[in-house]
Structure formats: structure tokens, C-alpha cells
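**Student:** Pasting the relevant annotations from TrEMBL:
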- 9-141: domain 'MARVEL' (DOMAIN)
- 12-33: transmembrane segment (TRANSMEM)
- 45-63: transmembrane segment (TRANSMEM)
- 83-104: transmembrane segment (TRANSMEM)
- 116-135: transmembrane segment (TRANSMEM)
- 146-282: domain 'MARVEL' (DOMAIN)
- 177-204: transmembrane segment (TRANSMEM)
- 216-236: transmembrane segment (TRANSMEM)
- 256-276: transmembrane segment (TRANSMEM)
Amino acid sequence: AVATGGARALTSWVGIARLFAVVGGGLAFSLVASTGHFEGPYGGGCMFTWCFCFTVTLLVLLLELLELYPLLPLSWDDFTSAFSMLAALMVFTSSVVFPTTFISSPCSSNQCARQAVATAASCLCFLAYAVEVSLTRAKPGDVSSFLSTVPGLLKVFEAYVACLIFSLLDAYSGEPGLMWCVAVYSICFIFTFLIIIFTIGRCLTYIPCPLEKMLVGYNFLALLMYLTATVLWPLYSFRGRSRPDPCGTNCGGDKNLGVTFLTIFNLIAYGGDLVYSTRTVFVRAP
């Protein structure tokens, strides 16, 4: 059950998971900062992830401990569910990217040892957020907190994967097929992000049409659009281009391959989203 404030903010299972996330995140960025070796976009991104998740989780714990969160003009359960899902995805990414980028073999120096411990702490942090997501996930039939349901969590996943895609986009201008793919990623990200923000801000009730059916329609359109991108992106991005050997850390070929796989992940996510939302509207509706 979700902690309702006061002492339960620290003593409930969700509160304990958040404490582990704070410890893991704080340990990770402290150890990496002590090495002074986190240059470049990948190192900066990992440090931002650990600091951001540490700060927000600590703020969530304080607001629940002091029982101040009801004063905020937002849906607290939706906010905490969306954040824990986002944090789990961000920390998981950092737990993979950081060691592959900065830890070299053999690992014998003091700096490398600290980087290895930081990676272990990051993995602990990810597990803590994953546990929080599973503990706060809405039970079947409970729609009081949309972002804690499977479709709501998938919305956060879809938006995050789109952000990863944007970070990998390289040379796509001049190719109509690739520009269409970028338009697909952008349009779907904007609509999905707005759904998340409107849900947290309790603004969805002002939409003058049945929300559930609108979400089914949007998921269907997004699925079709991502289907075209899944076909067009690899077709145009790899056409007439061979992968250099060695490719290097900032290789366009690897970036295009990454975008291809992330596009497939989002295609699957929107497909699952459509199935869940369709079942909710057309099967369970009285």
C-alpha cells in the first residue's frame, strides 16, 4: 500500500524502498564525483540521473513525512507513480551506460574500484525504484490513479524511450523517410507527455469527450505511426552506408542501430498500451 504520510512515509514498504533508492543514488554520484572522471555527455547524463533521482526522492520522503503533499495542486499518487517509473528507467540506463563507457578491463586501480562500487550502488538504486513501482501499481479495476495502472506506466516508458531516441538522432535532414520518422517520434512524444502532465495536474476531467475512448484512438494512431517508422528508419538510415571499423564511441552507425531498436521497443509498448486500454473500455465496461 502507498504510504499516507507521517511515520508511514519511512516505515512502509514503499518508504523503505525509497530510502534504499536515496542511499543507492547518493552513493553512486558521490563515488563517481570523487573520481573526477565523468566527462562527456554519457558521464554527465549519468551524474544528472543520480542527482535528480536522489533529490526528488528525498523531497517526496520529506513531503510525506511532514504530511505536506496534500497541499500541492496535483495528484500525488499519479506523480509518485510516474516518477518512480521514470527514475527506474533512468537509473537502469545509467547502470548500463556508465560501466560500459568508463570502466576498463582489467580493473585494478583505486579509481576503477570506486567506479565499480558506484555501478553496484546504481543497480541497488534501480532495484529499489523497481520495487516501488511494483508496490504502488494499481490493482485490476482500480482506476483512481491512472499513472499507476499498466497503461499509465507504459505512457511513462513510451515518453522516456522517445527521449532516448532524440538523444541518438544524428543526420536525418534531406531524407523525407527519416524526417517522417522524426515527426512520428516528436508527435507521439508530445501527446504522451501531455497526457502524463494533464493526469498529474488533474486536468483530464476538463476534456469534453470520453477519456478512455480517446486514449484507445490515440494508442491506435500511435501504433500505426510507429509501425511506419519501424519500417522506414532502418530502410533509409542504413541505405548505402557501411559501418566503419572501428566504429568509435560516437559512431553514427551505432546510433542508427540504437534508434532502430528503440523504435521497436516503443512499437511494442504502444501495442501493449492499445491492448490494455481496449480491454478496459470495451471488455470491462458494464
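One is the number of the first residue shown, and numbering goes on along the chain from there.
Heads up, the Cβ atoms here are built off N, Cα and C, so glycines get one too.
Where in this structure would I find these features, and how exposed are they?
**Tutor:** On the 0 to 100 pLDDT scale, the domain 'MARVEL' (9-141) averages 90 in this prediction.
Within the chain, the transmembrane segment (116-135) has long-range Cβ neighbours (under 8 A, six or more residues past its boundaries) at 1-2, 13-14, 17-18, 20-21, 23-25, 27-29, 31-32, 46, 50, 53, 81, 84-85, 87-88, 91-92, 94-95, 98-99, 103, 107, 153.
Counting residue by residue with DSSP, the domain 'MARVEL' (146-282) contains 108 helix, 0 strand, 29 coil.
Listed as Cβ neighbours of the transmembrane segment (177-204) (distance under 8 Å, sequence separation of 6 or more from its ends, same chain) are residues 73-75, 78-79, 82, 146-147, 152, 155-156, 158-159, 162-163, 165-166, 169, 211, 215, 218, 222, 225-226, 228-229, 232-233, 235-237, 263, 266, 270.
Beyond its flanks by at least six residues, the transmembrane segment (216-236) meets 158, 175, 177-178, 180-181, 184-185, 187-188, 191-192, 195, 256, 259-260, 263-264, 266-267, 270-271, 273-274, 277-278, 281-282 of its own chain at Cβ-Cβ distances under 8 Å.
Away from its own ends, the transmembrane segment (256-276) comes close to residues 149-151, 154-155, 157-158, 161-162, 164-165, 168-170, 181, 185, 188, 216, 219-220, 222-223, 226-227, 229-230, 233-234, 237-238, 241 of its chain (Cβ-Cβ under 8 Å, at least six residues beyond either end).
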**Student:** Report, as numbers and ranges, which residues of the same chain sit near the transmembrane segment (12-33): CB under 8 Å and 6 or more residues beyond its ends.
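**Tutor:** 1-3, 43, 46-47, 50-51, 53-54, 57-58, 60-61, 64, 87, 91, 94, 98, 114-115, 117-119, 121-129, 131-132, 135-136.
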**Student:** Just to be sure I understand, if DSSP states are collapsed into helix, strand and coil, how many residues of the domain 'MARVEL' (9-141) fall in each?
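**Tutor:** Counting residues by DSSP class gives 109 helix, 0 strand, 24 coil.
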